[in-house]
Amino acid sequence: MSFFFKRTFGSINKKIIKSFRKIVEQINALETKMQSLSDEELADKTEEFKRELKNGKTLNDLLVPAFAVVREASRRFLNMRHFDVQLIGGMVLHNGMVSEMKTGEGKTLVATLAAYLNSLEGKGVHVVTVNDYLAKRDTEWMSKLYNSLGVSVAFITNDLTDEERKEAYSADIVYSTNNELAFDYLRDNMKFSREDMVQRGFNYAIVDEVDSILIDEARTPLIISGPVEENNQIYKHIDKIVTKLVDSDYEVDEKGRAVFLTEDGISQVEELLRSYNLISEKSSLYDAGNMIMTHYIDQALRAHKLFTADKDYIVKDGKVVIIDEFTGRMMEGRRYSDGLHQALEAKENLEIQYENQTLASVTFQNYFRMYNKLSGMTGTAATEAEELRDIYRLNVVKIPTNVTVKRIDVDDEIYGTEKEKFNAVLKFIKECHKRLQPVLVGTVSIENSEKLSALLRNHFLRHSVLNARYHEQEAYIIAQAGVPGNITIATNMAGRGTDIQLGGNAEMIAKVELKKIKNADEREKKYQEIIERVKRDKEIAMKAGGLCVIGTERHESRRIDDQLRGRSGRQGDPGLSKFFLSLEDDLMRIFGSDRMRSFLKRVGLKNNEAIHHPWINKALEKAQKKVEARNYDVRKSLLKFDDVINNQRKVIFEQRNHILGNEINDLFEVYSEVNKSVMESIVQGGYYEDYVEDIAKEFHIRYGITLDKKDLAKFLNKQEALDYINGKVKEFFTEKEKYFNGQQTTDLWNTIVKQVMIMTLDHLWREHLSILESLRQSIGLRAMGQKDPLNEFKREAFLIFECMLERGKELTIHRLAHFKLVDNQEVGGRLHPTRKDNLPKVSRNDKCPCNSGKKYKHCHGAVTVMN
C-alpha cells in the first residue's frame, strides 16, 4: 500500500468513525425507551418501519430506531448487548463498505444490525459465510433475535433440495456460503422453467471473511461441468514417460508456477512417445498433428513437479481432493480443469475420471458485483484496501476495538534448516506448556502439521491437530484451544469464524458433555459446573500469559499471517505471537531477495542458532509485498479478461430468461434474419438471377418446402425474392403450429419452440466457453507481435460471439423445421429434434456461413476441431 494511500485511508477512516459516533449517541438516547416496550410492542416496530418505508421514508431515515430495536432484542433474547463500536460496524455495513474488526469483536452480532434494517424492504438479504457449519450455526444462533422481531431467517447448505432452497431464498434473511449462492445462480440459468428457479434476485449481501472470499478465491472460477468421453489411458502412458525424466530434462519456475522441457527433455520425451507408439517415427513433438501431446506432457509435468500431496491436494477414498491454498480446507466436488486433475490421478495411480466440459461458469468477482449493494466484514482487510476499492468499489473502515489489544508481537526467529526451526518450536512449546499457557501453532500445509505432530508425540506432549483431514471437528477443536495447557496445531484454516476464548468455550463444552444426561436438574447442575470450570481456567490461562500463537512459516500474504496473530488477544485478553522461520521455507527460498541471502551468508548461521534482526523482518515484509502486488496484478488481469466473458454471459442469460418468460409463437423475426443471411451467402456480390436454382435447392434442404423456380425468376432483386420466401416459410410454420396444437394440447407449439431455443442456446454457449478458454490461453502470444493481448481478446471474442448468436438462430430454425414427436399418441409426448442437422457441407477454407468474413476453420469450424 503506497504512503499516499495509507495517509489518505487513515484520514478518511477517522472522519467516518467521527461522523458515525454522533449517530451512536442518537441510538443510545433511545435505549431507555426501547427497554420500556413489551416484547409485542418491540416486535410491532418491524411493521411500523415497513409502513414508514411505503410512505416515503428511506432506510437511512430508519437507521437510528431500527438499530435501537435490534440492540434491545439482542439484549433480551440473546443476552448480548451491542457495544458502541459494534453499532459503528453495523453502519459501515449498511453503507456498503467493509468493516475491519479484530477477532473476538463480535462480527456475527454486528451483521444483525445491517441485515435487519435492509430486510425491511422485503427484497432479501444474503449473509455470506465461508462454510456450511457457520451458515447453520449463525442462523440458529441469531434466529431468536430475528424471530422475536417478526423477521424470517433461513440457511442454505449443499444438502438441500431445489424445493427447500426456493423456500429458504424466500426468507427475509438468508445465511449461506459463497459457493452455494454462486452455484445456485448458475444452476438457475440452466433451468428449463422459471418456476424451477430458486433465487429471487441480488439485493444486498453481507460477506463475512470478505478478504478470503473476494480476494483469495477471486482467481478460482466456479464451474458446472459435464464429462466428455475420451481415451483416458493416454494419461497413464504420459505419466510413465514423465517419471522417467531426469532433472536436466526440465526447468521448474516456482514463482510462475510453470515447468518447461529443455532441449534434452524434448529429445527424451519424443523417444519415449515413439516407444509407446504415440507419435510416428519420423514426426516430432511439435508437429501440428502432435500438438495435443504437448498439452498432456505439460499437465503431467505440472502434476509431478508443482503439485505436492498433503499440501496442494490429498488422496481421499480413491479420489484426488483439492486443498484450498488459503484456508487449508478440502474443496470436495471441485476438480482442476484442462486435464490437470486427470494427470494427478495418473500420478497417484488412481482411476482416471473423464475430463469435463464447462457447462456454465462464473467468478466470485463477477458474481458479487451483481448485487445492488455489497458489504463485508473481516479482521484483516487494510492490506488489501486498495484492491477492494478498485475492483468492488468497497471502502475499508477500521473499527476501533471495544477494549485495547494487549497482545505482544515478538520479532521473528530465523534458522538455517527446517529441522532446526522445528526443534526451536518444540522447545518454545515446552516452555509455554510448563506454565500452562495455551498454544496455537499455525502451519502452511498438512504435511508440516503432521510432521510437527509427530515431533510432539515423540516428546509425549498431548495436542490436537486441525487440518483438511480432520475438518469435521474444526469448530470444537479451535473453540477449546484457549484451555490452559492445550496445544493445538492448525493449518491456515485456523477455524475462522470460531472464537478462541481463554478457558474454553462453555457452550461448546456443554453441547458435548450434556448429550448423555437426560435429567433436567442434573443437566442444569452440570452446566453450572462447566461455567465455573471455564471461569477458573480463564484465570489460569490469563496468568500464564494468554493464548500463545506460533507461526511456523510466513505465508505469501501478510494478511494470512495477521489472521493467525489475530487469534490471540481478543477483547483485551493478554496474548503473544511469534514466527519461527528457516532458510528452507518456500517464501525465503522462492521470493527472498539476493541481498537478504548474501546478508544471511555473511552473518553465518551456526547449528541451532537463530537470527533476530529488524532488517530481516523488513526484508520479509518487502518480499511479501512483492508477492501480494504480483498476485493483485494477476487477479486484475484475469478480471479484465473475465469481464469480456461476463458481458457475453449476461446477454445469454438475459436471452434465456426472455425465452422462458414470454410466449414465442411468431418466429418471423428469427427466420427472416436467417433467410436473409442464407440469401447473402448464396448470392454474395453476384446477380440474383444467376442463383435461382441454388436458392430453391438451399431452401428445400432447410425447410422441405418447394419454391417454384419460375416464380423466383420473376423477381427483379433478391429482396423481392426474400419477401416471397419469407411468406412461404411463414405458411410452413403456421401449418406446423396448427398440426402440433391439434395434438390434444392447445399450446404445444409454444412449448416446443421454447425448449428448442433453450437447448440450442445452451449447446452453443457450452461450445463458445470452450473456444474462449482456448483463445484466452493462447492470446498472450500476440504480445510478441506488438499487439495488446486484451484488446485482441476483446475483438476476437466479440466476433466469435456474434457468430454464435447468428448460428443460434440458424440452428433453432433448422431444428424446428425438422421437428417431430416421438409418439403422436402421447399427450405432450417427449420432444425429439432430429439428431442430424442437414445443413449444407462447408469446406474448411470457405468463408463461414455466418457472414463473419472469417474462414470456416477459424470460426464455427473451430468448434468441430475442438471437440
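Any Cβ shown, glycine's included, is placed from N, Cα and C.
According to Swiss-Prot, the ATP binding site annotation covers Gln86, Gly104, Glu105, Gly106, Lys107, Thr108, Asp499, on the basis of sequence analysis. Residues annotated as Zn(2+) binding site in Swiss-Prot: Cys848, Cys850, Cys859, His860.
Known features from Swiss-Prot, placed on the structure.
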residue	record	Cβ contacts under 8 Å, 6 or more apart
Gln86	ATP binding site	Glu105, Gly106, Leu109, Val110, Leu113, Asn402
Gly104	ATP binding site	Asp499, Gln501, Arg570, Gln571, Asp573
Lys107	ATP binding site	Gly89, Ser99, Met101, Asp208, Met377, Thr378, Gly379
Thr108	ATP binding site	Asp138, Trp141, Met142, Asp208
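When other Cβ atoms within 10 Å of the Cβ of Glu105 (ATP binding site) are tallied across all protein chains shown, the result is 24.
With Gln86, Gly104, Glu105, Gly106, Lys107, Thr108, Asp499 listed as the residues that bind ATP, the site has a largest C-alpha separation of 16 Å.
The ATP site is defined by Gln86, Gly104, Glu105, Gly106, Lys107, Thr108, Asp499, and by the 8 Å test on Cβ atoms against their centroid, the other residues of the chain that qualify are Met101, Thr103, Leu109, Val110.
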